[in-house]
Amino acid sequence: MSFLFNRPRQPSSAEKIAAAEMEVDMMTDMFARLAKSCNAKCIDKDFRESELNKAESVCLDRCVAKFFDVNVKVSEKMQNDAQSAGRSPAAGGGGLFGM
């Protein structure tokens, strides 16, 4: 009867599990890209110390902050483009981690 009142269909358990697995995959991919990018920019290739020095620590902090800022801006842009095209943002991913 829900089709009579134009109510959205509830996702099944399999769909919820698939969505959760996709989200974990996206988070894992994002973390790998973040680690690779910031490591290449901030960590010296010849390790002289066992701990991060002050410059490396500050660089990593800024790199991670910029990475997330850009991720948020790109996600917002994608959501706005999807809305202006007449699609719902949920259908195209979006959000902080759904690229």
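Every residue, even glycine, has its Cβ placed from backbone N, Cα and C.
TrEMBL: automatically predicted annotations, no manual curation.
Per TrEMBL, the features are as follows:
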DOMAIN    17-80  domain 'Tim10-like'
REGION    78-99  region 'Disordered'
Helix, strand and coil counts within the domain 'Tim10-like' (17-80) (DSSP): 53 helix, 0 strand, 11 coil
Taken over the domain 'Tim10-like' (17-80), the model's mean pLDDT: 94
